[in-house]
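Worksheet for the structure shown next.
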């Protein structure tokens, strides 16, 4: 039901953000989250649990799009990667925190605890400005300059950046391509291929299988659930923290290749551990090592970088439709992996993780051949070069 909700949310995520704005969409997101948590916490019938999960899925799909887009659009280019990674760090740390709380709190209490951050964000959104790029796209230029000045600081000279954003927005709007089918023109082939490919890598490298069925993996491997979850909580926090410091130094592409290679190794170790069923000590050690290597590697790159790149490479005229497509692909893939994982484990526990390793290996090759490096470049530069809609000249921010 979470994945089904994700698919529904994906279909409307881009258009919702385009129409209402990023900040208003975040208010809507938190309403879905709170209603979902309350349905779960106070349910007395099973269908309310399904409804709660459905609402949660819609909220997650919306926030996975608008959260990353919003951060990318408000931050300077030299900080963009680190701050979008900080979003992934908060997500990873939140999951780790819930693993720890869930070991001592019953599920109804856990659902109520989950609603607290949503209530806090509703209040905090009163103090958060709208995306300056969304404002200029919608003709609100006076607000645009005020927000950009606020984001950069009172003494900052925003003239060059403001001129670049406005000129690019004016030019790209002349293309007047905002329908879903406009995405499938030849000039958008590369960004669509890159974004969709990275969304598929995120899920088919095994994320949902590892996350939703971690207890099953621990049971099969003879690992104590408490010890396993505590280990994963520490691993998640440390690895996502490391990613924040690396992403704007090493670059998106390099870190993504390292991440794909690491998830391949982690899945291989996990898969091979199940070949040692008769050596219970070694299967436990090897399985826990494999799972830890997988999550360290995943959190270094595949966890957040696909969302960063997705938020960077699409021009504003097709960003809403492109974002909806990418989030939809992500959630369809999530549903496919979560639905088939138990069947795959019954077929072959070793074979399941070998498949995940193979997908990670293909992801490594895909990154080498197609994924662009976007570190240290403005959104306008990235989009102009990747889509090949136009040539971009740095000197006067002119487009030909």
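Just so you know, glycine gets a Cβ as well, placed from its N, Cα and C.
According to TrEMBL, the domain 'Major facilitator superfamily (MFS) profile' annotation covers 1-375.
Remote same-chain residues near the transmembrane segment (27-48) are listed as 9, 16, 20, 54-56, 58-59, 62-63, 66, 107-109, 111-112, 114-115, 118-119, 121-122, 125 (criterion: CB distance under 8 Å, separation of at least six residues from the stretch ends). Look at TrEMBL and you will find 27-48 (among others) tagged as transmembrane segment.
Taken from TrEMBL, the feature transmembrane segment covers 54-71 (among others). The list of residues near the transmembrane segment (54-71) in space but at least 6 beyond its ends in sequence, with Cβ under 8 angstroms from a Cβ of it, reads 1-10, 12-14, 16-17, 22-23, 25-26, 28-30, 32-33, 35-37, 39, 80, 83-84, 87, 131, 307-308, 310-311, 319, 323-324, 326-327, 330-331.
What TrEMBL records for 83-101 (among others) is transmembrane segment. Nonlocal intrachain contacts for the transmembrane segment (83-101), taken as residues 6+ away from its ends with a CB within less than 8 angstroms of a stretch CB, comprise 67-68, 71-72, 75, 110, 113-114, 117, 211, 229-230, 232-234, 236-237, 239-241, 243-244, 247, 299, 303-304, 307-308, 311.
With a cut-off of 8 Å between Cβ atoms, the residues of this chain six or more beyond the transmembrane segment (107-128) that come close are 23, 26-27, 30, 33-34, 37-38, 40-42, 52, 94, 98, 101. According to TrEMBL, the feature transmembrane segment maps to 107-128 (among others).
What TrEMBL records for 188-207 (among others) is transmembrane segment. Here the transmembrane segment (188-207) has long-range neighbours at 182, 256, 260, 263, 267, 294, 298, 302-303, 305-306, 309-310, 313-314, 318, 322, 325-327, 329-330, 333-334, 336-337, 353, 356, 359-360, 362-363, 366, 370-372, 386-388, meaning same-chain residues at least 6 beyond its ends whose C-beta is under 8 angstroms from one of its own.
The transmembrane segment annotation in TrEMBL covers 227-247 (among others). Long-range contacts of the transmembrane segment (227-247) within the same chain: residues 81-82, 85-86, 88-89, 91-93, 95-97, 99-100, 103, 214, 218, 255, 288, 291-292, 295-301, 303-305, 308, 375, each at least 6 residues beyond the stretch ends and with a Cβ under 8 Å from a Cβ of the stretch.
Residues annotated as transmembrane segment in TrEMBL: 254-275 (among others). Long-range contacts of the transmembrane segment (254-275) within the same chain: residues 198, 201, 205-206, 217, 220-221, 243, 246-247, 282-283, 286-287, 289-298, 300-303, 305-306, 349-354, 356-358, 360-361, 363-364, 367-368, 371, 373, each at least 6 residues beyond the stretch ends and with a Cβ under 8 Å from a Cβ of the stretch.
The transmembrane segment annotation in TrEMBL covers 281-310 (among others).
Counting only same-chain residues 6+ beyond the ends of the transmembrane segment (322-341), those with a CB under 8 A from a CB of the stretch are 2-4, 6-7, 9-15, 17, 57, 61, 64-65, 69, 180, 183, 188, 191-192, 195-196, 199-200, 202-204, 206-209, 212-213, 310, 314, 352. Residues or ranges marked as transmembrane segment in TrEMBL: 322-341 (among others).
According to TrEMBL, the feature transmembrane segment maps to 353-371 (among others).
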Local confidence of the prediction over the domain 'Major facilitator superfamily (MFS) profile' (1-375), expressed as mean pLDDT: 85
